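I have placed the structure first, in the form of structure tokens, so that the comments after it can refer back to it.
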């Protein structure tokens, strides 16, 4: 069957609602869900309009393997500008010597960082997954647990905090090639200076994963790991409120290794529409309005933690891990309550509040076993701090 130019053009120019009403309905329903519920998943956010405009743009069409000025495709003169803007802006935002903005996700940024720093079989020392670490910090089923020799440090059972003296002793005993600072579920600041000192003492490299708290760092409301770390990775879509993607920061001496381990080591062509959206997000992150929003994030998290620390909540067997929070999330301990994490998540969902369950350190109930009994809803994200006067999307033009 031959497709005519006329029919092809008609299909190419059809609005989504006409061409694919099923997907259009999904987008409308998800928009309604986001507008009509309280989003309190700590790893989610609402991307600004300009970020979504850049991501849903003509840059979707462009292939651009390589780096600015050194592409394997022609016609890259304009996407080069977009990528260089993203690089320059994120370096200025965090005071970094080097940046790679091509990783498609935080996990791919982490994979590239590890492959640049060490070789398979080398030892990494990171926070245990069950104690707040991330999959890419050494989980057995993840690439990090398969390719590298993994040792894990934990939080203390009496206060759920990392004891840096014990971490030092463990590092001396384990002699890792890389020490990982950073977390997926840990509500307190890390002492990056202490991590640096320990890494230097045992001859290890220091990699910090700041995926969760990067927006707080950008706003000057959280200690920065950049001056202390050899390599820093992050997502862009959590507290930074950008597109779903990753970024790598480092000292300039790591530029060649990191670049080659992103492309061609981990990825092929970069997503130029996403990189343009990153550039927009990094510009926004340098504004006073962004800082004010991050301040509201912290204030909201502390208000929730304070309320959950009250006596009437304690009587129900509910407590707050570490007794409070320094960041944008609150870990709620349900081990002594009548609910487990799945039940609490479902109950909150039924009244229009979206959270996600997470493991509590030392919980005897397996995280992934039925009925998904992890015991810590992880509420209060940046999304919940959007002021009522600022609609999440332009009301006259919902995103498609």
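Quick reminder: no glycine exception, Cβ is built from N, Cα and C everywhere.
Taken from TrEMBL, the feature domain 'Serine hydroxymethyltransferase-like' applies to 17-365.
DSSP assigns residue 129 ((6S)-5,6,7,8-tetrahydrofolate binding site) to a helix in the three-state reduction. Positions annotated as (6S)-5,6,7,8-tetrahydrofolate binding site by TrEMBL: 129, 133, 134, 135.
Residues or ranges marked as site 'Plays an important role in substrate specificity' by TrEMBL: 237. In the three-state DSSP reading, residue 237 (site 'Plays an important role in substrate specificity') counts as coil.
Take the CB of residue 238 (N6-(pyridoxal phosphate)lysine) and look out to 10 A: across all protein chains shown you find 27 other CB atoms. Residues annotated as N6-(pyridoxal phosphate)lysine in TrEMBL: 238.
Taken from TrEMBL, the feature region 'Disordered' covers 359-400.
Here TrEMBL flags 378-400 as compositional bias 'Pro residues'.
In this view, residue 135 ((6S)-5,6,7,8-tetrahydrofolate binding site) is surrounded by 16 other Cβ atoms within 10 Å of its Cβ, with every protein chain counted.
Each residue contributes its Cα atom, and for residue 133 ((6S)-5,6,7,8-tetrahydrofolate binding site) and residue 237 (site 'Plays an important role in substrate specificity') those atoms are 19 Å apart.
There are 24 other Cβ atoms within 10 Å of the Cβ belonging to residue 237 (site 'Plays an important role in substrate specificity'). Residue 238 (N6-(pyridoxal phosphate)lysine) and residue 134 ((6S)-5,6,7,8-tetrahydrofolate binding site) have their C-alpha atoms 15 Å apart, to the nearest angstrom. Taking the mean position of the Cβ atoms of 129, 133, 134, 135 as the (6S)-5,6,7,8-tetrahydrofolate site, the remaining residues of that chain whose Cβ falls within 8 Å of it are 126, 127, 128, 132, 136, 137, 138, 139, 142, 184. For the pair residue 129 ((6S)-5,6,7,8-tetrahydrofolate binding site) and residue 237 (site 'Plays an important role in substrate specificity'), the Cα-Cα distance reads 21 Å.
Residue 134 ((6S)-5,6,7,8-tetrahydrofolate binding site) falls within neither a helix nor a strand when secondary structure is assigned with DSSP, and so counts as coil.
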